[in-house]
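Just below is one structure, and these are the notes that go with it.
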Amino acid sequence: MKLQRALCAITLIAAMALAPTADAQRRRVRTPAPPPPPAVAQHVTIMDGASGALLDCENCNEPIPPASMAKLMTVLVVLEELQSGRITYNTRYTVSEYAWREHGAMSSGSHMFLPINESVAVRDLIQGAVIVSANDACVVLAEGIAGSEEAFVARMNRRARELGLTTARFRNVTGLDDPEQRISSSDLARLARHLIVNYPAFYRVYGRREFTYNNHTQSNRNPLLGAYPGADGMKTGHTDESGYGLIGSAVLNNERRIIVFNGLPTMAARNAEAQRLMRSGFNDFALTTLAEAGAEVGQAQVRLGGRRTVPLVAQQRIVIGGTRAVQAGLTAHVVYDGPLHPPIREGAEVAHLVVEGPGYETQRFPLVAGRNVGKANWFSRAWEGLRLTFFGP
């Protein structure tokens, strides 16, 4: 009961902050547009590229087999090696028999025709991995950088944890089927956005239409490139278990959308779904800013502190997305394990703003203490103890 009263005291503040936004949208849109038709794919994420806000989430937090979309993490680890200076684009690695036999021209998977024992530059290997989804290139990079595919995969998983990709479990560098290899479509979207934001120069490689190596020219399989205005990446995927999937991104009118889905039965179905979801991402969803970074969202109760309350501040800009009809039904609640106890350090994460409602995937945004709060003096603590004893919280 003590916790519930602490929550209620601040829930109303947060809900009142959200309500005017919904009211304003109802005034602007007299006849709400019909909701977009449901996706054909069973696992879908549509994300705003600028803010990272989820615009649409259909089973988006359920771990799925990623197929070659897992190669985004493979590429990220390589890019971080390049950024650190430990390797360069001119660094060369030798094609092992394992990479050639199991993942190259001797295999049935996608590859870039790497000859066995060939010395190949990182520049060519990473382009092959990105543009034509070359499994042999991914294995050669992994063996060259980490000594083995297994050691490289351990780095992939460690990096996923550091990025907060809580559903990610990688078992190989290629994305080939493994019962333990899983990641949600929302985490794939977050990974894609991380690459786009942090490696903008390299990201252009994802938009290249073809790649030639060893006299073999292969095309990029991304169905959005050249077919959807502003499309510039990222990665297709297909295995027997995952079906056909895509991470796609496009920019229109200075806005970026990222879509992720999988599970389609044919390449033609994937192509059609990619077009439909990208159109929906730009046409059917709106963004609402609930709080700018550093803005005070409310107050949390403090017990036996130098202050009775502490301001709760948005750690980063809080943006939500969704159809206007869905947003109109949302409520926001500030949740914390209260009352808080000093000392409280300014900037420490002490609460969350929880946004939820019908047809909306609940989201939690971190809130931090807006100031330091120390312990109360002896007299104040004794007085507070007496007050609690006789009158309760």
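Just so it is clear, glycine is given a Cβ too, placed from its N, Cα and C backbone atoms.
Proximity of Ser68 (active site, acyl-ester intermediate) to non-local residues of its own chain (separation of 6 or more, Cβ distance below 8 Å) is seen for Ser110, Ser133, Thr174, Gly175, Lys235, Thr236, Gly237, His238, Thr239, given in sequence order. Annotation comment: TrEMBL describes Ser68 as active site, acyl-ester intermediate.
The active site, proton acceptor annotation in TrEMBL covers Lys71. A sphere of 10 angstroms centred on the C-beta of Lys71 (active site, proton acceptor) encloses 26 other C-beta atoms.
Under the three-state DSSP scheme, Ser133 (active site) falls in the coil class. The active site feature in TrEMBL is assigned to Ser133.
The local packing around Lys235 (substrate binding site), expressed as other Cβ atoms within 10 Å of its Cβ over all shown chains, amounts to 30. According to TrEMBL, the feature substrate binding site maps to Lys235.
The domain 'Peptidase S11 D-Ala-D-Ala carboxypeptidase A C-terminal' annotation in TrEMBL covers 285-375.
Per TrEMBL, the feature signal peptide maps to 1-24.
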Tally of DSSP helical, extended and coil residues in the domain 'Peptidase S11 D-Ala-D-Ala carboxypeptidase A C-terminal' (285-375): 5 helix, 53 strand, 33 coil
